[in-house]
């Protein structure tokens, strides 16, 4: 049962809810998100004295609607919760009460907050969740959380967090260093939530709109082996971008991930041999997720260390080169026609700015009719099988709509944020830094390509271009 309380600090009042089974440390991390006062500097006064980190909140006599006093000064974050290296850009970003709702950090929960904001960037998925009928479980709590985020005020996702930890206990892991909850891997949170939604939504929305298909061929590398190549079909919810010492572009990393060397037993040779497994996409979904494989297990430190290499990613992705020849043949005519339409649109826009003369109504009507004809031609080129495949991308072209970034040196430390494109203004992106929401220009997103411990892209969300 959640208990509503208020906290007074430096003349300001903060309303929040607490869970009796949580500790004083959890409350202090909530207050840090609201006030920027680091937990170790906070003095929260309760009945009997100062609130201790390891004490259960339900044991100190906090009553509903009680007002507690907090003392402490805001300052730099402690080393256990490092500030991203690019935090100085904050002053260049504007703020407005009309921005989307942020999520309060409940103690190393930025991995969850950024994942929720990324999922929320898919409005059709939110619509599918709103139709979920069950009254219990993680999806029901996610539905409630989405409803509470309709306003612009920051939201405390406590009930959703509790449900997440109940269904996936790994997210309840405690940190040996701080004694509070440990930082978690946002990619694991993303994958887990998607798999839960995939199983739970009766409309099969995730399967239709976010799941792609792979056709893989495995062949022995040794020439003397007369083995027939084996063919397999797999489904994927995320496309890995492998990062080697030679990877400079996301498309390179994806292609590297689609080609693997595998050692396995050969029945013909009666021993282990090297095989090449080459995969190509046989179905492209409406929403394509790309995961930068930036973390690897480093035994010397006992953690997932981070690959800091700079890897450029595109705002517009042409996925045709990742596809099977059969699918590519279906996509290319539509892709080329759509690009032609977009090029014409850009030329008309530049010409209008150059001459600075408003076209007449007749000219506007003629231009609109011409564009409708081009769109109709493009739609007529869509392969019938792709047209009947609900949730499939018939063009192979995508726009970048979301980035989940990580700042820090390992998956179990640092800070996660979400960057979501403004659907009303392509030149602007919303930056979700837990409860703090601000606007950044599209140029800022280009700097998330890595090269150090500052914010670097970890999960990218692409949306299929519309033929319209």
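Including glycine, each Cβ sits where the backbone N, Cα and C put it.
Sequence-distant neighbours of residue 110 (active site, nucleophile) (same chain, 6+ residues apart, CB-CB distance under 8 A): 183, 415, 416, 417, 434. Among the features that Swiss-Prot reports, active site, nucleophile is placed at 110, with the record citing sequence analysis.
The annotation active site, proton acceptor is assigned in Swiss-Prot to 415. Residue 415 (active site, proton acceptor) has a Cβ environment of 23 other Cβ atoms inside 10 Å.
Look at Swiss-Prot and you will find 1-71 tagged as domain 'Ubiquitin-like', backed by sequence analysis.
Look at Swiss-Prot and you will find 101-465 tagged as domain 'USP'.
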### Query
Helix, strand or coil: which one is residue 110 (active site, nucleophile) in, per DSSP?
helix
